[in-house]
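Here's the structure we're looking at; comments come further down.
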Amino acid sequence: MIHSPYIRKPASVQSVMLAVLLALLPGVTAYVMQVAAVVVVNLLIATVTALVAEALILTLRKRPIAPALSDLSAVVTAWLVVLCFPPILPWWVTVLGVLIAIVAVKHLYGGLGQNPFNPAMVAYCAMIVAFPSLMSQWPPAGQIDFQTQLDLVLGGARQLDAITGATALDAMRTGLRTSGASVDSVLQQSGTFGAVGGRGWEWLALGYLAGGLFMLARRIITWHMPVAFIATLAVVSGIFWLAEPARFAPPLFHLASGGAMLAAFFIVTDPVSGATTPRGKLIFAAGVAVIAYLIRVFGAFPEGIAFAVLLMNLCVPLIDMKTQPAVFGHRGSRP
Amino acid sequence: MIARLFNFHGGIKPDSHKNASAAPPIAAAPLPPRLTIPLRQSVRSVARCLVAPGQRVLKGERIGAGEGPLGTDVHASTSGTVVGLAPCAMAHASSLDTLAVVIEPDGKDEWIERRAFDHRAVPREAALRYLSACGIVGMGGAGFPTHIKLGNGRGIETLIINGAECEPWITCDDRLMRERAAEILSGAAILHELIGARRTLVGIEDNKPEAIRAMREAAAGFPGLVDIVAIPTRYPAGGEKQLIRVLTGIEIAHGKLGTEFGVQCFNVGTAQAVHRAIHHGEPLVSRVVTLTGNVRRPGNYEVLVGTPVETLLALAAPKPDTDRYLMGGPMMGITISDLSVPIGKTSNCIIAASAALFPPPPPELPCIRCGACARACPADLQPFELYWFSRAKNVGKAQEYHLFDCIECGSCAFVCPSHIPLVDYFRFSKSEIWARERELKASDQARERFEFRNYRQEREKEEKAAKLAAKAAETRAKLSGSATPTDAATGDDPKKALIAAALARARQQVAVEPRNTDTPHAGVPGASPGIASRREQPDLHDSDATS
Amino acid sequence: MNLQTFRENAWNGLWKQNTGLVQLLGLCPILAVSTSIVNAVSLGLATVLVMAVSNFAVASLRNFIPYEIRIPVFILIIAALTTVVDLAFNAYLHDLYLVLGIFIPLIVTNCIVLARVEAYAAKNDPVSSTVDGIMMGLGLVWLLGVLGGIRELVGSGTLFSGIEMLIPGLSPLSVFGDDYPGFLIGVLPPGAFFTLGCLIALSNRVRTRAAAGKPARAASDGEEAAPASAAP
Amino acid sequence: MLTALLVMTGIAIVLGAALGYASIRFKVEGNPLVEKIDAILPQTQCGQCGYPGCKPYAEAISNGEADINQCPPGGEEGIRKLADLLGREFKSLSEEHGAEKPKSVARIDEQLCIGCTLCIQACPVDAIVGTAKHMHTVVPALCTGCELCVAPCPVDCIAMTPVKETLETWKWKYPVFELRSAA
Amino acid sequence: MSSYIFIVIGAVLVNNVVFVRILGLCPFMGVSKKLETAIGMGAATTFVLTLGSGTSYLIDHYLLQPYDLAYLRTLSFIVVIAAIVQLTELVIQKTSPLLHQVLGIYLPLITTNCAVLGIPLLSVALDYTLLESLLFGFGSSIGFTLALILFAGLRERLDGADIPAPFKGTAIAMITAGFMSLAFMGFAGLDRFQ
Amino acid sequence: MSNRYTATHTSLRTAGIMVVFTLAFTAMMSQTYRVTRPAIDASEQEQKMRLINDVLPPGSYDNALLDDFVAAGPTPELGLDRGGRIYRARRAGVPAALVFEAVAPDGYGGKIQLVVAVGADGRLGGVRVTAHKETPGLGDYIDPRKDRNKTRPWIGQFAGMSLVEVAPAQWKVKRDGGVFAYRIGATISARAVTNATGRVLEYAAEHRDALFAASTGSAI
Ligand SMILES: Cc1cc2nc3c(=O)[nH]c(=O)nc-3n(C[C@H](O)[C@H](O)[C@H](O)COP(=O)(O)O)c2cc1C
Ligand SMILES: Cc1cc2nc3c(=O)[nH]c(=O)nc-3n(C[C@H](O)[C@H](O)[C@H](O)COP(=O)(O)O)c2cc1C
Ligand SMILES: Cc1cc2nc3c(=O)[nH]c(=O)nc-3n(C[C@H](O)[C@H](O)[C@H](O)COP(=O)(O)O)c2cc1C
Ligand SMILES: Cc1cc2nc3c(=O)[nH]c(=O)nc-3n(C[C@H](O)[C@H](O)[C@H](O)CO)c2cc1C
Ligand code: SF4
Ligand code: SF4
Ligand code: SF4
Ligand code: SF4
Ligand code: FES
């Protein structure tokens, strides 16, 4: 028998995920125009892989397929995998990454809503650890033509040194660490940098920001995570920068580079694997920002957001447990 | 005028659907051919039957005497003949039966002698007893006896009259306030005096401007008594704790009652019923019921308690595509599985539901922890956590996360994008916890009795041994060496042996075969199949066993 | 010691109470050393030796050990025997020692050794205790072999790398050819956890199948495990 | 060699003495765990677990003699709680000890009862009232449904009747929806 | 001073005993089903490991090295640690019988929590001073406790998840540990700022 | 009081038993150690020789290499912060080559231990990694046994090089603007070994004569 309530808001998981995909579009457009158009091909490959993998597993588990496929959550995951990976990866790396995200992270834990880790970020971490060199080959923004990009993706011979360049974060790190240069000299010497971050990549950051604001307006996400993430990243990098401007890059550089904006609005906000209470969300996002900064600046990996997200995912049960909001009639007490 | 309203967290704004049924004035429902008046008006309150089949009763005559601390009296809703005592389905999600008095109306609708009651002339307790004798219970939903809620007449600062009527579709309180504002306020004045309040507030959602206007006009007749406050329309603003919060800013602490914070809350219908009882001497025998939904003639009717829903429905002319009926609002009501259910004192609304108006819920998807439910929850709960634990049947953990602060308002399920019937999970967990508490009590009792029995047997054995020793000594003293004391002990040995054998058998059966197969096992005397077959027999007397 | 107990010991050690799959003891060496088949199996065999000897020693001396100091005494015995084995290998089987050497002291800390001593040898006669030690150890060996094989294959595309040091003349198999990029996670710590997790899942499945009375159909097991092995 | 022996002997003496002393000094009596286990058991006192009552079974569990899945009246829920308490893995009810059944109470057919008092003596919780040669009755509120009284009755007049649902004991069902086939 | 901090950071995060050094896995898998027991086990291990590191240093520095008895290292360390464990067990049994029952078989197994021997051996190999050994032992056991607590939190949450049947229980726990170890790789390099 | 007595008594008893066990097993260990020690020492020498033979052809000298060494204290140039040994190969008493124990401190996984043979002419005999913690499958190609390219292992490129052919400023991996090959994706390991080798060569050039002149076993 059906019990009350008998009426429901016309909301669905599908509409939520669709909104996320829509919100990604400005960023994707900037990607295509400014960096590498081949990302569209990657998105296609990833989407198909995600859907096929999901369908296969559900068949194996003898679960209904249609609702799971149509909820679009796998597509969101697939897109985020692609947007975190370098665009000129051979296609099989993308496929493997999506498979890890969907099969090993999402469905081993029972599918949508049950995975304690962010699937896209696990995919990134797994792949950068497994294929550190492939995963650090980024094309310089807008300098190779589409045909070359496509050849690289579909498996032509890879003349890597010739094509790839360092990302802004990478260039900054190598510059600061191995050649002992100062931030200013690094910023000036290389064509990698634009006004505030990596050249061309700044536009992506702007695109993601726009999409994020759209999601905020649509109430898909709440303000806590993006605000806490951006503020913390700015404050932490600001402190280091003020202390030693020659050794540490300015906050704006950190915010506009790498995946900071994508992370602020689309990744730390993953509802499934993130903290859920308002205070918990603040702690979670701030934690991601701090760890990501430390890894970027002192650690072994050029971009630390993925690991930071994963590390904070580990803490989510504890954070949620300790930040339960006071229930009506219980102000000042927690479970 | 109250300067400041407070806010409660969460809440939702579903489409109200109130206009259609709120338009026509309240009409009296015709007398049904039969009235079925349950002796049990809510799960908690039970009454003892006072009439016998064949007896003629008048309208307002007492037919049931309240039993226990929460009992209130039950009255005949019209004059006629008691034709029987029969089980009838309760307006309760379980649809379990309860005993009801069936009355065949004689069509005269003849009242008992009605006399106004001067509550100021008698001690307060007598006035409360009078209300109880008039069968006044809360008409806002829970049916809690009003005389108990009136308490001891001390310590109440604010009396709140709940005219929020926050659920969609329902308009009975709206109409009542528009048409009988003066009666409501008169009732409020009585409640005010009885409870000893300093001030009285009437909270009405601001989507009922006519009701607010009518109440304000009527309030002029009670100078200084009440403030009529328009509150923002947001479900569940009518929930007791939410309304108290909005009007006074007080947050009733967990496990506490409003009275402990100096606030008490009554429904407008309750207030009107109090007025009728005190000033007109009329027990509570009818109420206003909204008939709406997928019907041609939505509206409000004054309905006698005990009127079967099916006879009422004809008034509203349900459309042919109606597939089920709801009692109560769409947020908290129940589906009526049996249309013979009688209208009770808390039945405020019957909604004819069709697939178009109330589509069946889309398939349940896993929770994506989006937090929409937490944002909607007026109790500041994290419904998805409660759901996570309830789904895993980890009800203890759900309780730790304050399951029992959930008021089952359904806001969370309303917003959930995964269409999870969250409230059902919470109800499941709650009743599971209650059941476990009952079991725990039973097992504590069993343990105590078992230990006591062991202690008693031990003691008896000792006493017997002492007696035997004494006897033996005596015998030995008398003669020498012929009778041994053990002979005396054998007297009760056969019984003990039997029990031991039974225990052994019981254990053996268990080891050898599942208990309720009916193939007798070689070597085991026929007891086992016997037990099994007897257990499967339907039993005629199980009411003894369960009462 | 009769055939029956022997069978029981063998079945327990190899499958029913397998240390890595069921008891979840001795996990550290299992996970740490299974980066290649050769490493894994070598350590497994060294463990078999230590377990057999220490089970025998404890079972023989069990009547002389007071309860409250049993753990220190057991550990004393295990540690001493391990050191002796280690020294002996070093001196007389030096080539083998070069491969196994670093793993042997690790055996002391392998809790499965103490667990078996405490759970079995302290209560049983020396002969069946020795058999128990050997069987438990062999259960470890096959698991280590499988784990090492999978990780090596996934991680670097080879099998039996390092075999030339153990048995000169043999050479490793390069299964996927020299172009295989190497899925590094396989040989890193996370790969160890994933692979063992998947093996446990597989064994669970086989066990439930067996318990359900259906013959475990190899084909469908393979299918079911597919998502697992696709996971690194 | 000598230094080695001396060093190790020294260590051994110190440690052995300390341990020996501590084992006396910190000796424990009693076992609070039994109470905790007993509190979880349903107190049906039926003996299906293979022990004469719940307390003895609790003692057996705490000593490691009995497994946690031997009490059918406690059901899965009971096993789960025991597993939680003891930090063990959950296992399903052991088949040889019986199956979980709907709760029942004994009822004596008063027409047949000859008043032999055998059932009274079998009942572990004194739930049967009556005196010799007079009709006996089960007090349903006290009966745990252990069935121990059934077998001793010489005229087979005791039957177990499942407890019927009332408004007080009615439970909301676990929500099940077609599209979510059970795991 | 900063080198002490790096020793602790390194032991807690970068070279976490469980996820990077792969030590102490049996209690990590066994005692992580509930948060309370995880905390208890963590505390017990911290106590034993810190004390063990100090004692081992003293034995190594004042007995074994002067008399050239390095081959007795494993033996003497493990025996001393075993004794410390047994002492702890006796004390806990008296003072907190419930903790004792819950930790049941794991208390004796602290001895063979390989971390308890592995960490003192490592700190000898790393040539740490007494203070450094203590910090290293303490940091490592904090790392162990951290891993245990995070893992227990996750496992409590996993209780309700609809995990494929063969993966229920230890298999998914193992895989979760894998993801945790992957996450901890992110700390690589943080213990050697230039 | 009697309780105290029992405690003492039990303590003594357990201590006694513990001592007996300890004595027995320590005796067993010591005995084994004594018996095996010569064999073990011999094997260790042999192993060291094997490594050295990889970098220095056994025929190119005739002295007892392992006994002819200088103990170096902490030497940052060689990466030795706890000291190490430098062996001297002579042929008919004439200095033939120096074999350095050296450490590359900046590998991906930490220190990489090396042996480096430098001929009397300043030419590299060869470089071998004796211990490292580079990532298996990625950075471990610096160990020729793990290098997939068995015919021309990466580390082989150093043999025969000297500071004459490659100026100190060029003694780097290609990515850093030098001449030496590296494996993409694992530059750090290659960089560490290359730079350490360069430093050894410079050290050797500077101190060659002093090293050969020092008396055997002496410390510098
Ligand atoms: C066991 C119980 C005892 C109660 N006792 C009192 C009481 O002493 N005084 C009172 O004013 N209300 C009492 N109430 C009434 C509740 O506070 C509340 O007003 C009533 O349940 C109606 O709530 P609802 O219609 O919001 O669900 C009691 C309720 C329950 C369930
Ligand atoms: C979610 C929720 C919504 C409610 N809405 C109303 C309402 O709109 N009007 C009302 O009178 N009572 C409403 N109630 C019942 C009140 O909480 C409270 O029981 C009632 O006002 C007490 O008055 P009574 O004792 O006269 O029934 C609601 C209860 C809940 C839990
Ligand atoms: C898990 C992991 C292990 C790595 N191990 C090594 C290694 O052992 N040796 C190495 O040189 N680089 C290693 N790297 C790669 C470095 O981080 C860095 O990306 C690389 O050395 C730069 O090489 P490239 O300049 O050729 O891209 C590793 C990277 C990761 C993610
Ligand atoms: C706001 C939002 C952010 C999301 N971010 C991620 C993400 O970072 N990574 C990912 O794999 N899926 C993401 N998803 C999709 C979905 O939550 C994810 O597939 C689940 O984790 C799968 O259980 C996101 C969804 C929403 C609504
Ligand atoms: S609204 Fe539904 S999907 Fe969202 S968190 Fe709540 S229960 Fe989960
Ligand atoms: S039904 Fe309960 S949990 Fe849901 S919104 Fe209402 S009070 Fe909150
Ligand atoms: S089986 Fe019966 S006697 Fe045993 S514990 Fe359970 S209820 Fe008690
Ligand atoms: S009456 Fe019978 S079934 Fe009930 S408790 Fe007593 S012996 Fe058990
Ligand atoms: S083997 Fe390391 S803890 Fe068990």
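Quick reminder: no glycine exception, Cβ is built from N, Cα and C everywhere.
TrEMBL annotates B:Cys367, B:Cys370, B:Cys373 as [4Fe-4S] cluster 1-binding residues; of B:Cys166, B:Cys172, B:Cys265, B:Cys416, the candidate listed for that same site is B:Cys416.
Shown for the domain '4Fe-4S ferredoxin-type' (B:357-387): DSSP residue counts in helix, strand and coil, namely 10 helix, 0 strand, 21 coil.
Filtering of the binding-site residues B:Cys370, B:Cys373, B:Cys406 by Cβ separation from chain A (threshold: under 8 Å) yields B:Cys370, ordered along the sequence. Cβ contacts within 10 Å of B:Cys406 ([4Fe-4S] cluster 2 binding site), excluding its own Cβ and spanning all protein chains shown: 24.
Neighbours of the [4Fe-4S] cluster 2 site: apart from B:Cys377, B:Cys406, B:Cys409, B:Cys412, residues of the same chain with C-beta atoms within 8 angstroms of the site's C-beta centroid are B:Gly10, B:Cys373, B:Ala376, B:Pro378, B:Ala379, B:Leu381, B:Pro383, B:Ile407, B:Glu408, B:Gly410, B:Ser411, B:Leu422, B:Val423, B:Phe426. In sequence order, B:Tyr235, B:Pro236, B:Gly239, B:Met331, B:Met332, B:Pro378 are the residues of the chain that are 6 or more apart from B:Cys409 ([4Fe-4S] cluster 2 binding site) and have a CB within less than 8 Å of its CB. Listed in sequence order, the residues B:Ile368, B:Arg369, B:Gly371, B:Ala372, B:Pro383, B:Phe384, B:Tyr387, B:Cys412, B:Val415, B:Pro417, B:Ser418, B:Ile420, B:Leu422 complete the 8 Å Cβ shell around the [4Fe-4S] cluster 1 site centroid, once B:Cys367, B:Cys370, B:Cys373, B:Cys416 themselves are left out. Cβ neighbours within 10 Å of B:Cys412 ([4Fe-4S] cluster 2 binding site), excluding its own Cβ and spanning all shown chains: 30. In the three-state DSSP assignment, the secondary structure recorded for B:Cys412 ([4Fe-4S] cluster 2 binding site) is helix. Looking only at Cα atoms, B:Cys377 ([4Fe-4S] cluster 2 binding site) sits nearest to B:Cys416 among the binding-site residues B:Cys367, B:Cys370, B:Cys416.
For the domain '4Fe-4S ferredoxin-type' (B:357-387), the model gives a mean pLDDT of 92. Sequence-distant contacts of B:Cys367 ([4Fe-4S] cluster 1 binding site), defined as residues of its own chain at least six apart whose C-beta falls under 8 angstroms from its C-beta, comprise B:Phe384, B:Tyr387, B:Trp388, B:Cys416, B:Ser418, B:Ile420. The two recorded residues, B:Cys373 ([4Fe-4S] cluster 1 binding site) and B:Cys412 ([4Fe-4S] cluster 2 binding site), show a Cα separation of 4 Å. Under 6 Å, Cβ to nearest atom of ligand 5: this is the test, and of the binding-site residues B:Cys367, B:Cys370, B:Cys373, B:Cys406, B:Cys409, B:Cys416 it is passed by B:Cys367, B:Cys370, B:Cys373, B:Cys416. Cα of B:Cys412 ([4Fe-4S] cluster 2 binding site) to Cα of B:Cys370 ([4Fe-4S] cluster 1 binding site): a span of 12 Å.
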